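Asker: Positions annotated as topological domain 'Extracellular' by Swiss-Prot, on the basis of sequence analysis: 1-25, 80-100, 159-196, 261-272. What Swiss-Prot lists as N-linked glycosylation site is ASN5, and the listing cites sequence analysis. For 26-49, 58-79, 101-120, 140-158, 197-219, 237-260, 273-292, the entry in Swiss-Prot reads transmembrane segment, with the evidence type sequence analysis. For 50-57, 121-139, 220-236, 293-312, the entry in Swiss-Prot reads topological domain 'Cytoplasmic'. The disulfide bond annotation in Swiss-Prot covers CYS97-CYS189 and is backed by sequence analysis.
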Amino acid sequence: MTGNNQTLILEFLLLGLPIPSEYHLLFYALFLAMYLTIILGNLLIIVLVRLDSHLHMPMYLFLSNLSFSDLCFSSVTMPKLLQNMQSQVPSISYTGCLTQLYFFMVFGDMESFLLVVMAYDRYVAICFPLRYTTIMSTKFCASLVLLLWMLTMTHALLHTLLIARLSFCEKNVILHFFCDISALLKLSCSDIYVNELMIYILGGLIIIIPFLLIVMSYVRIFFSILKFPSIQDIYKVFSTCGSHLSVVTLFYGTIFGIYLCPSGNNSTVKEIAMAMMYTVVTPMLNPFIYSLRNRDMKRALIRVICTKKISL
């Protein structure tokens with residue numbers, strides 16, 4: 001349907017990844033293996049935290065929510081990517097595109113918020129150990145997680161509604177493997193000033209401020225451990241915080257890389273590669289980082305396996 005030189009767009013074409021045809025099958029198998037690893041790894045953490053009573057602590061409540069967020073974050077984009085890699089016409093409906101955008105932002109925002117909360121949890125545990133159980137009570141932590149989900153849903157809904165009000169002309173080709181908000185803005189023939197303004201303002205609240213809060217938490221932790229009497233205590237703190245710092249580096253490093261690295265003619269390829277890092281690679285590595293460097297997780301896995309063997 002046309003009018004005023006505009007076309008009602010019913011679907012978009014996702015060009016996906018610039019993969020040569022001879023490597024298409026290889027990359028399909030690679031992405032499928034990565035997605036299955038994401039599902040199994042993050043489900044394992046969720047199940048362990050649920051089944052093992054020794055992990056019923058704030059730190060692991062946040063970790064299980066992070067694993068759930070990682071699992072859903074990848075599931076928003078990966079199934080459609082795999083489907084389109086096997087399709088002659090890699091399309092997504094207009095409604096499906098907005099739905100994908102909404103949930104992508106929900107789970108992406110949630111990961112950013114949870115990393116802040118986990119940093120705060122470590123800060124309280126190390127700097128105020130005697131008051132830890134009082135400050136990080138079960139009720140407080142559950143309420144905090146619920147609040148974070150509400151904030152992320154509200155933020156994602158705002159951007160989705162702002163995109164929904166835009167008009168899209170004849171161009172419907174998205175140079176990405178999912179409905180990225182920046183790619184959609186490039187296709188719009190409407191005034192996108194409000195959209196860009198909200199991205200800059202709220203982007204700082206969702207990305208910059210959480211990152212600064214994490215840095216502040218670890219600065220306080222660093223100065224606190226300088227007062228520790230023994231090397232063993234310092235090593236224990238570093239081993240406890242090391243997993244979280246690794247995840248923070250992976251997540252924020254790739255996101256900042258999109259905006260801080262100089263853009264050239266291959267800026268679209270760079271954005272796609274970076275997006276693949278924080279939507280696929282990071283969620284895949286997180287379970288390994290937390291399980292391989294965490295004694296509690298290893299012991300919980302052994303206890304659950306032994307319990308199942310005894311019950312059989």
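Heads up, the Cβ atoms here are built off N, Cα and C, so glycines get one too.
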Asker: Within this structure, do the transmembrane segment (237-260) and the transmembrane segment (26-49) have 3 or more Cβ pairs under 8 angstroms, counting pairs 6 or more apart in sequence?
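Answerer: In this chain the transmembrane segment (26-49) does not contact the transmembrane segment (237-260) - fewer than 3 Cβ pairs sit under 8 Å.
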Asker: Drop a 10 Å sphere on every Cβ of the disulfide-bonded residues CYS97, CYS189 and tell me which sphere holds the fewest other Cβ atoms.
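Answerer: Each of the disulfide-bonded residues CYS97, CYS189 was scored by Cβ atoms within 10 Å; lowest is CYS189.
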Asker: Could you tell me the mean pLDDT the prediction assigns to the topological domain 'Cytoplasmic' (50-57)?
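Answerer: Per the prediction, mean pLDDT sits at 89 for the topological domain 'Cytoplasmic' (50-57).
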Asker: Can you tell me the three-state DSSP label for CYS97 (disulfide bond)?
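Answerer: CYS97 (disulfide bond) sits in a helix per DSSP.
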Asker: Just to be sure I understand, if DSSP states are collapsed into helix, strand and coil, how many residues of the topological domain 'Cytoplasmic' (50-57) fall in each?
Answerer: 5 helix, 0 strand, 3 coil
Asker: May I ask for the residues of the chain that lie six or more residues beyond the topological domain 'Cytoplasmic' (121-139) and have a Cβ under 8 Å from a Cβ within it?
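Answerer: Distant Cβ neighbours of the topological domain 'Cytoplasmic' (121-139) are 58-59, 62, 217-218, 220-221, 224-225, 237, 240-241, 244.
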